[in-house]
Amino acid sequence: MAAASKTSAVPIPTDAELLQAQADLWRHSLYYLTSMALKCAVELHIPTAIHDLGGNTSLPDLLAKLNLPAAKLPFLRRIMRLLATSGIFASDNNAEVETYRLNPISWLLVEGIEAEDHTYQKFFVLSTNSRHYVEAALSLADWFKKDLPLPTPSPFEVLHGVPLLDENTSLLDEELDQIVEQGVAAHDNLAGGTIIRECHDLFKGVESLTDCCGGDGKTARAILKAFPGIKCTVLDLPKVIANAPDSDGVNYVAGDMFKFIPPAQAVLLKVVLHLWNDEDCVKILQQCRKAIPSREKGGKVIIIEIVLSNSMGPIMYESQLLMDMLMMVNIRGRQRDENDWREIFMEAGFTDYKIIKKIGARGVIEVYP
Ligand SMILES: C[S@@+](CC[C@H](N)C(=O)[O-])C[C@H]1O[C@@H](n2cnc3c(N)ncnc32)[C@H](O)[C@@H]1O
């Protein structure tokens, strides 16, 4: 009886719905092949080859440029057809000769372009599709079943025995460690210039700023260029600061943000907090609070991070949720929605916050003491 009533509660799909469901299931089960085709295109340097061919190419010309065997032409066509359908290249299949062009996504994968807004994303693709990341994702169900100690280690950490983005990651695989480092840098630096241009008011009137976890100072230098009056300090770990430039006008401080953040009117945390769990974020924000003056004196923390929300449409939201899965599978951090952010701000002793702007998948948040 119970089984019968359960069945009746589920509407039986129509024939049309079943056929659509089957096609959708193919798509969802096989999306990894799109990722692998993208990885293959990057490894074969296809975006750079199309760029060198003038940004638009026929398949035979592409094959010749890539120095691939003639017998691979039909296979190249199949990969390019999928990648164009997925939006990674543009194509003109109605023309007499089938051609493929760069679009903004593939433009990000062209090597050797010198442009302020071109941040080469090859290593983001290679790291996120590396064997170690994929194996960690394959272990998800096993990880769910394990009763693990708190704070919960990631599937990557449990499977591979070392955390990602850790000084011990290179012991697991030196090449992976380097690819990940470059992948993270590519991820962090994309749209840095856009953010400064679009959020001009964020830095207006700010006399001093500490870029907490500011790495090699790229962001601080860009802020200094746009606002020469700001006294900029970068805080990062000693091994990072050891490689900081000598005289670029930025003050570099080696240290641990959990212990001390150099005081300034504003502290910037650009794509940092998603790497940490909530407890650690509260500790970091408490240190930020100690480093800034009162709100009346212009004290604020500026956070640039994903703010999960479906308000920008399902595709942007799916990108944000996939970035959250990337965190869940590989490190202890997470992406957060506005409620999650509010909770950790209040927990850290802040009184108010404002989402100043949404820029692409990310939000710019000011948090006030
Ligand atoms: C994702 S990167 C930050 C990216 C940078 N804010 C940007 O926008 O380009 C994380 C940085 O945090 C630094 N870091 C990690 N733990 C730290 C700590 N306890 N104190 C200071 N810096 C730390 C790392 O060395 C690394 O440079």
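The chain as shown is numbered from 1 upward.
Positions of Cβ are set from backbone N, Cα and C atoms, glycine also.
Predicted automatically and left uncurated, TrEMBL annotations should be read as such.
Noted in TrEMBL for the protein shown:
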type     : residues : note
ACT_SITE : His274   : active site, proton acceptor
DOMAIN   : 26-111   : domain 'O-methyltransferase dimerisation'
DOMAIN   : 140-350  : domain 'O-methyltransferase C-terminal'
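The 10 Å shell around the Cβ of His274 (active site, proton acceptor) contains 18 further Cβ atoms across the protein chains shown. For the domain 'O-methyltransferase C-terminal' (140-350), the model's pLDDT averages out at 94.
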